[in-house]
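Over in TrEMBL, the protein carries these features:
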DOMAIN    111-323  domain 'Radical SAM core'
BINDING   C125, C129, C132  [4Fe-4S] cluster binding site
MOD_RES   K337  N6-(pyridoxal phosphate)lysine
REGION    386-413  region 'Disordered'
COMPBIAS  404-413  compositional bias 'Basic and acidic residues'
Amino acid sequence: MEDVDVSDLWDCSQEEWDDWRWQLANSITTAGELKEKFNISDQQVKQIEEAREIFPMSITPYYASLIDFDQELCPIRLQAVPQKAELEQSKYEMDDPLHEEEDSPVSGLTHRYPDRVLLMVTNKCSMFCRHCTRKRKVGDGESRVDLEQIKKGIEYIKDNPQIRDVLLSGGDPLLLDLDILEEVISELKDIPHVEIVRLGSRVPVVLPQRINDELVNRLKKYSPLWINTHFNHKKEVTPRAKEALNKLADNGFPLGNQTVLLRNVNDCPLVMKELMHELVKNRIRPYYLYQCDLSRGIEHFRTSVSTGIEIIESLIGHTSGFAVPRYVVDAPGGGGKIPITPNYLVSNSRRKTVLRNYEGDIVVYTEPEIKEDNCPEECNVCTENKEKAANGEAVEPSGVQKLLSEDTKEFSL
Ligand SMILES: *Cc1c(COP(=O)(O)O)cnc(C)c1O
Ligand code: SF4
């Protein structure tokens, strides 16, 4: 393991630096505090102060120590330090672009997909990311989540047997008091129809000190507990972050990563590929690459969709399949995540499908002569699923999947 040193900008002991509570207690929340540590101009101070009036700032000393103020487009600074651009209004911005509140049968729970739900367990974050989609909620004292509300969410999950996957979100679930987090996870794991519990956390990126032995030992009992983290740039995968990731992987937590495509941070095929390689080297499977949402105050981070397609074009075939995330647009208005890839299907006829590969070669795949539309006699998965669906324990084929089914006579949705 590489040595992890306390930053020379902070006057503290190694023990303090390694203590996540010290990190949180010493988070930078004003431009004045930033100026004490870094060489920033009075004009920058003024702009930071103006912007943080609207969207508060909070940066852990650990994450702040990675900022390079001499670099104009430091990816760490762009994600952590408020910019004047956040105050600009854009025509299409929304407070809740994903309609998380509209798809919410009980407060703090979003039921968008039939078999899985998003459960907000806290609105605290270890850092306020400047590109956060939930800017309206994070760190806002008024939209606090309390145990009472979480319990109502758990009741809803109990009452809906088709829910097999629960995603804990926030805020950052790994900032919750461990007694509460354990209680929530163990209650969920006790529900017979809940097959998967997972959580999304930025702690490994901005507060790796939180991934300590106590946390790991208390949570590993609930295996499998999937953890999706949020690295956006290779520079974030520091020796200290790697130590936290190793601890999680060694203790059996399956790890995924969700990257947000951000202008000037990672909107380049080569920068993105470096990040993906760094992730898989550390046993993290890239999961999603998100197109930036239409939230208020993040217009300056948005890129065109073509940027994302070019990035995926540069990954598929050019690197290991498991180093390629799925690129998605989270549909404004609450349509869910929509996958986008470059086109590989060139054309097809009844007997042949023409495809192109990553190198641009055109190939043909000849379809089988046997018609495949009859299911084997002995298979009864359909009938069983229909019975379960009638009792609310499973979901029936829906959407375009339903249109493709031999069973349906409908011709549109
Ligand atoms: C992203 C998301 C999920 C989980 O979707 P997966 O594609 O299974 O990762 C569930 N509910 C909501 C509201 C989401 O935004
Ligand atoms: S950790 Fe996630 S929820 Fe919290 S501020 Fe960052 S992006 Fe938003």
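Every residue, even glycine, has its Cβ placed from backbone N, Cα and C.
Annotations in TrEMBL come from automatic prediction, not curation.
Because the structure is a prediction, the values reported are computed rather than measured.
Restricting the average to the domain 'Radical SAM core' (111-323) gives a pLDDT of 95. All protein chains considered, the CB of K337 (N6-(pyridoxal phosphate)lysine) has 17 other CB atoms within 10 Å. Taking the Cα atom of each, K337 (N6-(pyridoxal phosphate)lysine) and C132 ([4Fe-4S] cluster binding site) are about 17 angstrom apart. Cβ-based neighbour count (10 Å, all protein chains) for C129 ([4Fe-4S] cluster binding site) stands at 24. Counted within 10 Å of its Cβ, the other Cβ atoms near C132 ([4Fe-4S] cluster binding site) come to 21, all protein chains included. Candidate recorded positions: C129, C132, K337. Those with a Cβ under 6 Å from ligand 2, in sequence order, are C129, C132. Taken residue by residue, the compositional bias 'Basic and acidic residues' (404-413) breaks down under DSSP into 1 helix, 0 strand, 9 coil.
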